Structures are given as C-alpha cells and as structure tokens.
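Enquirer: Have a look at the structure that comes next, please.
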Amino acid sequence: MLVFYGFLSSRSISHLKVYLVGGAVRDQLLGLPVKEKDWVVVGATPEEMTARGFKPVGKEFPVFLHPETHEEYALARTERKVAKGYKGFTFYAAPDVSLEEDLKRRDLTINAIAETPEGQLIDPYGGQEDLKNKVLRHVSVAFQEDPVRVLRLARLATKFPDFSIHPDTLELMKKMVCAGEIDALVPERVWQELNRALGNEKPTRFFTVLNQCGALAILFPEIKMEGKGMAALQSVTDKTPSPLIRFATLQSDLPPEIIQKLAGRYRVPNEYADLAILVARFGSDYVNLNRMDETSLLNFLLKTDALRRQERFDQFIFTCDLISSTTSSQPKKIKEIIKAVKSVDIKPLQEKQLKGEAFAKALEKLRLEAIRTLIS
C-alpha cells in the first residue's frame with residue numbers, strides 16, 4: 001500500500017471500487033513527496049456518490065469532494081473529441097466504464113498508473129517501465145486531441161529535467177501545433193502552466209520543449225531561446241525558487257512595452273508584470289548607482305517608487321543583483337539612501353505652511369541634501 005493513509009475505513013467509500021491515480025502514484029514511485037491525491041471510482045453513479053455524502057463539483061463530468069478529506073473523487077470516464085481546443089470534448093461517465101478505459105484517456109504513461117486499496121499497481125500502458133527509463137511518453141494517439149497536454153508535458157519536463165520526451169510523443173506535439181490546436185488555448189491556462197513551470201527545478205526547459213514542437217513562436221514570440229533573458233533565467237535558477245523573481249529575470253532583456261503586451265495577453269498578475277517591467281526599465285540604472293549624483297539618485301528612487309513600495313523595491317534590487325551575478329555594495333548603499341531620504345524632517349516646512357509646488361521644491365532640496373551628505 002502506497003499512500004491510502006487509512007481512509008478505507010471511511011463509510012463514504014466502503015464497498016466502492018476506489019483507485020489512487022495520476023501524479024500521486026507517480027511521485028510515490030519516484031520517492032517524491034505526494035502533495036495531492038486524485039481518486040477514480042469505478043462502477044458507481046452520481047446519485048450513489050451524493051447519497052454517501054460526496055459534494056459534486058464537476059461541471060463537465062462527475063467529480064466529487066470527499067466529505068471528510070475534501071479530496072477529489074472522479075467517476076471513471078471516457079472522452080471523445082468533437083471540436084477544436086481543450087474544451088472540444090464529450091464525456092461518458094457510467095458504471096460500465098472500466099479502470100483501464102479511464103487510464104487510457106490520460107496524457108502520459110507515467111500518469112496512467114493506478115493503485116488498489118491493497119497496494120497493487122495497475123499499469124496497463126507501461127508507466128513503470130517509462131519511469132525506470134525516464135521517458136515522457138503518451139498513452140495513446142488521443143494525446144493530440146487536447147492542446148493543454150503540450151503545456152503540461154513542457155511543465156512536467158521542468159519537474160523531471162532528466163526525463164527525455166519519446167520521439168513519437170514529440171511528433172504528435174508537432175502535429176498539434178501544425179493543426180492549430182495551440183491557438184485554442186485560453187490565456188489563464190497558459191499562465192497557470194507557465195507559473196508552475198517557473199517554480200520547478202529547471203524552468204528553462206519549459207521553453208525548450210515548446211520550441212522543439214514549434215509552440216514557442218506561437219505562444220511566446222517575444223521570448224528567444226538564445227536571448228539574454230533565457231540565459232539569465234538559467235543562471236539564477238539555483239539561487240532562487242521564486243516564480244516571481246524568475247519571471248522578471250526571464251524578461252529582463254525585453255522592452256517594457258513588450259512585457260506589458262505579454263502580461264496582458266495571458267492576464268499575468270500585476271505583481272509579476274510590475275516587477276518584470278521595473279527590472280527591464282531600471283535595471284541598468286541600478287547597476288550604475290555609483291556613477292549617479294544626488295539628483296540622479298533621487299530621481300531613481302522616485303521613478304521606481306522605492307520610497308512607497310519598499311517590498312517591491314527589495315524584490316527589484318534582489319533580481320538585479322541575481323542577474324548581474326556580482327557581489328556588490330549596491331543593496332546596502334541604496335537602502336541607506338532610502339533611509340536617509342525617509343528620515344528628512346518635514347516639520348519646518350509644515351511650520352512655514354508651505355503648500356503645493358513650494359512644499360515640493362523645499363522637500364526636494366532637503367532630500368537632495370540628505371543624499372549629498374551620505375555619498376560625499
């Protein structure tokens with residue numbers, strides 16, 4: 001028994017044919033921690049599941065949440081392609097669908113292994129052998145019917161960087177791209193897979209795989225495999241696990257307006273887009289801090305909003321330092337300057353009842369004096 005953890009005694013699943021499937025079985029076989037568990041139920045109806053206390057959550061096919069563990073239990077199903085895109089499917093879920101039929105619709109053989117309550121592995125498509133040989137291989141030609149599988153495989157390749165892609169699988173991916181299936185991907189799903197890939201062991205491989213099948217030029221025409229941003233991402237991978245920092249690093253060589261377009265196209269969270277644009281726009285200025293006089297330094301702080309958004313600015317200087325890959329006194333220096341500027345006493349200005357432009361000019365003068373004193 002691998003990861004059933006004693007839930008067999010639960011009244012909710014007693015006498016049901018329940019199997020652990022997918023990534024949980026795969027990761028356990030690889031000796032990796034299991035973060036999520038997915039279950040398949042064979043021979044049951046939706047009515048039987050709800051009668052046992054399961055909460056239906058699936059809109060397109062029967063998926064239920066366990067009343068105690070809140071893990072997902074899906075009825076065994078088959079699927080048939082009826083239109084382009086990842087939503088172009090009809091599903092059949094009924095008591096007569098076998099476990100083997102359910103496993104056959106899955107993307108990769110290493111994700112098509114099931115485990116019985118007794119710990120027996122059911123592996124009709126050779127997933128264990130592919131795990132042993134470190135191969136990412138499709139279960140059936142139905143792989144080419146769902147464009148999301150291109151993204152998922154690319155993302156999985158970042159998690160398992162020493163796994164190769166089976167030549168036949170790569171050929172299917174190329175056919176999908178040529179058939180225009182990639183064009184049907186929705187922005188949210190592209191971003192979801194990219195963000196997860198950025199947090200994995202080798203994020204650059206996400207783009208390598210997309211490039212190999214021809215999808216990179218369609219999904220991310222701004223990103224070049226030979227670009228400085230890709231090289232920077234490769235160099236910082238072992239220094240930070242943060243998808244946020246890695247995203248900004250990847251685009252550090254792009255014009256800010258191009259980053260904005262990419263972020264808008266895939267509905268990238270503002271936190272990611274803002275940092276990436278900040279690094280692209282002001283990264284070179286940060287590297288040259290030592291050459292700036294007090295006026296340039298103050299302008300730099302104001303343009304980067306360093307005085308108001310300290311956390312984002314800290315992320316900015318951290319990213320810039322990683323990209324430059326040199327140890328310097330820049331972070332300490334700029335933080336001292338920020339502290340000095342923030343410490344400026346404005347009470348005398350208030351006592352003089354200065355307002356508007358007069359107040360702004362007087363405040364600027366005090367800030368410049370504070371910086372000048374520090375750097376002279």
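Glycine residues also receive a Cβ, built from the backbone N, Cα and C atoms like all the rest.
Feature annotation from Swiss-Prot assigns ATP binding site to Gly23, Arg26, Arg106, Arg152, Arg155; the stated evidence is sequence analysis. According to Swiss-Prot, the feature CTP binding site maps to Gly23, Arg26, Arg106, Arg152, Arg155, an assignment based on sequence analysis. According to Swiss-Prot, the Mg(2+) binding site annotation covers Glu36, Asp38, on the basis of sequence analysis.
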Enquirer: Around the CTP site (Gly23, Arg26, Arg106, Arg152, Arg155), what further same-chain residues have their C-beta within 8 angstroms of the site's C-beta centre?
Expert: Gly22, Asp107, Leu108, Ile110, Asn111, Leu156
Enquirer: How many neighbouring Cβ atoms, not counting its own, are there within 10 Å of the Cβ of Arg26 (ATP binding site)?
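Expert: That number is 23.
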Enquirer: Please give the ATP site's span as the largest CA-CA distance among Gly23, Arg26, Arg106, Arg152, Arg155, to the nearest whole angstrom.
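Expert: Per the listed residues, the maximum Cα distance equals 16 Å.
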Enquirer: Take the C-alpha atoms of Asp38 (Mg(2+) binding site) and Arg106 (ATP binding site) and report the distance between them in angstrom, rounded.
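Expert: Pair distance, Cα basis, whole Å: 13 Å.
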Enquirer: Near Gly23 (ATP binding site), which residues of its own chain have a C-beta under 8 A away, given they sit six or more steps off in sequence?
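Expert: Within the chain, Gly23 (ATP binding site) has Cβ neighbours under 8 Å at Val34, Glu36, Asp38, Asn111.
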Enquirer: Can you check which residue among the binding-site residues Glu36, Asp38 has the largest number of Cβ atoms within 10 Å of its own?
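Expert: Answer by Cβ density within 10 Å: Asp38.
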Enquirer: Here are the binding-site residues: Arg106, Arg152, Arg155. Which has the lowest count of other Cβ atoms within 10 Å?
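Expert: Candidates: the binding-site residues Arg106, Arg152, Arg155. Fewest Cβ atoms within 10 Å: Arg152.
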Enquirer: Could you tell me which three-state DSSP class Arg106 (ATP binding site) falls into?
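Expert: In three-state terms, Arg106 (ATP binding site) counts as coil.
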